[in-house]
Amino acid sequence: MWRAIWLRISEKGLRRPPPPSLRTVTTSCTTMGADGVHTVNTTERLAKLRELMKQHSVQAFVVPSEDQHSSEYLANCDKRRAFISGFDGSAGCAIITTDKAYLFTDGRYFLQAEKQLDKNWKLMKQGLPDVPTWQDFLYKNLGPHTQIGIDATLLAASDAESLTKQLTPKYSKLVSLKENLVDVVWGEDRPSRPQNSVFHLDVKYSGQSHLDKIATLREEMKKKKAEAIVVTMLDEVAWLLNLRGSDIEYNPVFFAYAVVTMDEVILFIDSAQLDDTARHNLEHVYTMPYEAIFEHLNSLSRTLELDRDSKVLIGDRASLAVADAIGKDNYTIVRSPIADLKAIKNKTELEGFRQSHIRDGAALVRYFAWLEEQLNHGTVINESQGADKLEAFRSELDLFRGLSFDTISGTGPNGAIIHYKPDPNDCAIIKKDQVYLCDSGGQFLDGTTDVTRTWHFGTPTDEEKRAFTRVLQGHIAIDTAVFPNGTTGYVIDAFARRALWQDGLDYRHGTGHGVGHFLNVHEGPHGIGVRIALNNTPLKAGMTVSNEPGYYADGKFGIRIESIVLVREVKTPNNFGDKGYLGFENVTMCPIHKNLVDVSLLNEQEKKWLDEYHAETWDKVSPLLKGDTRALEWLRRECSPL
């Protein structure tokens, strides 16, 4: 999983620190079996945790994935759920009772969790029939009068409010503990919080000054009659102030809060982290120590002299601790206006996406051409070595600052593990007679990339070709979709699945996620998928989103085709309802493997799309490959017409 090439983000790039060793092996609920080579033995950790629970008079303890900023990706010091359970996927929640331990996660991680959890854990496969969410489990499955221990800095205030309402009729309640019990069990071995350098992102990349962004935010605050907004999400702080850091692996963010009023902006950060570029460009922004945030929030309502009609805004992922510090009657939970502003990229950011993806395409072509040559020569290459080589090619690109996530390099059955991460000490050899799935991305000063391509360097089976072609048809259906303004990703998700459904196939993940601009590779609030929450955010011109349908045959192979698309306005012959219509612009430039295509399944429009996509890829990427005969000839072959 963890590879030897480390990078550091500052003006010099992103560094990957050595991680803790957590690499460890369906019905809707699965009790894990005996410990295996990939399993962390959690017996002692759970025993210590339960003893602490007893001392604090709680009968259950909740260990969410997120940190106190509700981050999806975490610094090593915040990987509490991974420490206590052994499961290190990016999504999930652990609930420990006096005699049982439950791990809740979604379909992306079922196979991974089954491999990593030991016999102490029961896997709860969220999304399958009769499996509750972890929130529902607390009030539906636990008995009455249950004291449920939580860390208020890790639980969203919105979740706490709804849970409290549900638990009250059963005389159960959430108990905010002064210390995180998992941290106590972890003890001195728990890593310290990173405090890496923070730098200014020049306006030639961001396209808008931080002062303009703050002015726009204040206009949104006026609409909501707010005197202040507390910014808790790390990517929102970074975007608002045009700052970038490296406190969390793969994500150019840093630990900080911000409080914006009509008169001032305060950044709560360890000031020693700010380099000269950051200090010189933080005009009209005050700084205070990171740890001072809660004390400041305690006094905020008095300082602002809030009345019945004026409130402090907090986002819907802000923690219960933040809400409690402000005071019960002084805040309003809203969907973060910064999330909506950040989601729509400006012209500079959109052009950065185009250019960074073209450069990224050159690295991908070099890698796949190299890999095919090595396999044809009989060279033994394992999944981790392949990922390392791809990273090496990317590291040569202009404006590269590191990976945007850990490369998923999976051959054969490992490709069916949706978020598989190869362990250099225990991973498979890439074989010519197996399907190979590679999902990877980079962080660049002018954009963030995320691309998946699936290959077969030998002779694929009819089953593999048919499945790949159905996935391709879904990919094309999204790419060519035209829809009226006001349409959500929830509505168009079925376009990606239609061809798979014809064969009785499907996949257990969303079709698309938003992508940050030199920020987190997963960004909301929009996306394409079946989660009902995605029906709350219409797709708008300027948004970026992935297009990644897939199919996974457990124990055999995995297929995914992923490109990044920009939402754009399109001209249509008519304009019913004067709504205006939208479509997509594909910016990912990497061939789609024709060796896996069953051409007989494609209609003429789909064939035309594939040929035109390959012609565009050749035109844009080939100029970057001058002098690399191997890559050029490979690209020429892969981009030739059907």
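Along the chain as shown, residues are numbered 1 onward.
A Cβ is built for glycine as well, from the same backbone N, Cα and C atoms used for every other residue.
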Of the candidates Asp450, Asp462, Asp479, the one that Swiss-Prot places in the Mn(2+) 1 site of Glu548, Glu562: Asp450
Same-site residue for Mn(2+) 2 (record: Swiss-Prot; known: Asp450, Glu562; options: Asp439, Asp554): Asp439
Separation of alpha carbons, Asp439 (Mn(2+) 2 binding site) and Glu548 (Mn(2+) 1 binding site) (Å): 10
Cβ-centroid neighbours of Mn(2+) 2 site Asp439, Asp450, Glu562, 8 Å, sequence order: Ile408, Ser440, Gly441, Val451, Thr452, Ser546, Glu548, Arg560
Same chain, 6+ residues apart, C-beta under 8 Å of the C-beta of Asp439 (Mn(2+) 2 binding site), given in sequence order: Thr407, Ile408, Asp450, Val451, Thr452, Arg560, Glu562
Most Cβ neighbours inside 10 Å, all chains, among the binding-site residues Asp450, Glu548, Glu562: Glu548
Residues close to Mn(2+) 1 site centre defined by Asp450, Glu548, Glu562, Cβ within 8 Å: Asp439, Val451, Thr452, Gly512, Ser546, Asn547, Arg560, Ser563, Ile564, Thr588
